[in-house]
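Asks: Feature table excerpt (Swiss-Prot):
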- GLU254: active site (ACT_SITE)
- GLN11, GLU71, SER140, GLY144, THR145, THR179, ASN206, ASN228: GTP binding site (BINDING)
- GLU71: Mg(2+) binding site (BINDING)
- LYS40: N6-acetyllysine (MOD_RES)
- TYR450: site 'Involved in polymerization' (SITE)
Amino acid sequence: MRECISIHVGQAGVQIGNACWELYCLEHGIQPDGQMPSDKTVGGGDDSFNTFFSETGAGKHVPRAVFVDLEPTVVDEVRTGTYRQLFHPEQLITGKEDAANNYARGHYTIGKEIVDLVLDRIRKLADQCTGLQGFLIFHSFGGGTGSGFTSLLMERLSVDYGKKSKLEFAVYPAPQVSTAVVEPYNSILTTHTTLEHSDCAFMVDNEAIYDICRRNLDIERPTYTNLNRLIGQIVSSITASLRFDGALNVDLTEFQTNLVPYPRIHFPLVTYAPVISAEKAYHEQLSVAEITNACFEPANQMVKVDPRHGKYMACCMLYRGDVVPKDVNAAIATIKTKRTIQFVDWCPTGFKVGINYQPPTVVPGGDLAKVQRAVCMLSNTTAIAEAWARLDHKFDLMYAKRAFVHWYVGEGMEEGEFSEAREDLAALEKDYEEVGMDSGDGEGEGAEEY
């Protein structure tokens with residue numbers, strides 16, 4: 001088997017985890033207590049879902065997941081929620097005091113105390129796997145636990161499981177809406193530390209998702225539940241190929257092979273379509289061409305950047321539902337001809353397609369309409385550098401005055417770590433710039449030398 005272990009860190013990671021596992025259970029016909037009614041064997045005995053669930057002797061399906069937070073309130077909601085019986089109590093790990101939005105607390109002082117317990121639990125999950133293929137790590141960049149503890153955990157996972165893939169789903173601090181003043185510090189410190197340990201990182205920007213909820217789903221004031229259910233759909237699309245038999249089965253390593261041209265350039269942009277409310281869907285049926293087109297609308301992206309300013313290096317289209325290759329090829333051909341999509345000149349083909357015949361499932365009482373087909377596009381574009389530039393600028397404004405730095409130094413960090421992290425991100429921006437250059441101008445060798 002090709003199992004994946006999901007690790008949900010901090011408030012954002014745990015709440016996205018709730019949305020994802022709720023959706024996985026619905027997709028696979030698993031009840032909140034982990035039982036799978038025998039009459040509901042989906043698709044006549046397709047056991048691909050075992051990549052995400054392990055089965056106990058009593059016939060209960062348990063998620064291969066760990067929920068970690070340095071303070072208990074958010075995980076307590078899982079412990080008392082609808083899905084409390086789904087998880088083994090030891091999978092839900094909490095500390096006593098939180099990281100207080102401070103990377104240094106998550107990475108050094110508070111995180112250190114809990115990391116061995118977490119690794120021990122992950123080891124137990126890994127031992128149940130016959131062929132572990134990697135880890136999916138869910139966290140935010142802005143929080144103290146999400147940034148600090150995640151980077152600590154990634155470093156330790158690299159030591160213990162060197163060859164296994166590690167994919168991140170990270171919540172990027174929204175340009176306008178902020179939950180903490182020190183988000184830019186935490187984001188840059190965590191990006192610097194995890195850059196060499198992460199194989200592929202899908203970023204999600206709260207503000208972009210707010211806008212999608214407001215515009216496409218007509219929700220006036222979206223709550224985190226609305227946002228997380230949408231993120232859950234996206235994560236589900238990305239992992240569907242691991243959990244169902246598809247025509248073109250994509251596994252974790254295959255993502256990287258096709259999306260990551262250089263080790264550091266591993267931040268694909270995620271776009272999902274159709275995001276549509278039930279009232280609207282009632283009146284329209286979306287064709288493959290329409291949803292494919294929608295993927296190239298900046299409005300449907302999960303991070304606010306403008307791909308028209310960048311160049312594409314690779315594109316992965318993951319379709320699910322009633323989709324045939326003929327329609328997909330036609331849709332992509334049309335896009336190639338009429339769209340203003342620029343590919344870098346050293347990567348001419350650039351489209352990889354995966355199809356899963358399982359149509360998207362929706363959460364009952366949720367906001368999304370039930371649709372026949374959906375697509376999730378993962379594209380590696382140089383435009384994502386805009387997101388880094390934005391963050392770096394905010395970092396610079398604060399760091400020039402050394403604002404808030406004493407909180408980090410007080411927890412045992414050195415000021416040098418800030419400048420080191422900042423330099424690494426400057427290098428990352430430069431890497432993106434070089435990758436986007438045509439092979440003709442300058443020395444095309446720049447990107448290969450790290």
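Placement of Cβ uses the backbone N, Cα and C atoms for every residue, glycine included.
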Asks: With DSSP assignments reduced to helix, strand and coil, which class does GLN11 (GTP binding site) get?
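Replies: For GLN11 (GTP binding site) - judged by DSSP and reduced to three states - the answer is helix.
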Asks: Based on Cβ atoms within 10 Å, give me the single least packed residue among the binding-site residues SER140, THR145, THR179, ASN206, ASN228.
Replies: THR179
Asks: Taking only the Cα atoms, work out how far THR145 (GTP binding site) lies from the residue listed as 'active site', in Å, as a whole number.
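Replies: If we compare the Cα positions of THR145 (GTP binding site) and the residue listed as 'active site', the gap is 30 Å.
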Asks: Rounded to a whole angstrom, what is the largest C-alpha distance between any two of the residues GLN11, GLU71, SER140, GLY144, THR145, THR179, ASN206, ASN228 that the record assigns to GTP?
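Replies: In whole numbers, the farthest two Cα atoms are 22 Å apart.
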Asks: Rounded to a whole angstrom, what is the C-alpha distance between GLU254 (active site) and SER140 (GTP binding site)?
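Replies: Roughly 25 Å, rounded to the nearest whole number.
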Asks: If you count CB neighbours within 10 Å, which one among the recorded positions GLU71, GLU254 has the smallest count?
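Replies: If we count Cβ atoms within 10 Å for the recorded positions GLU71, GLU254, the smallest count is at GLU254.
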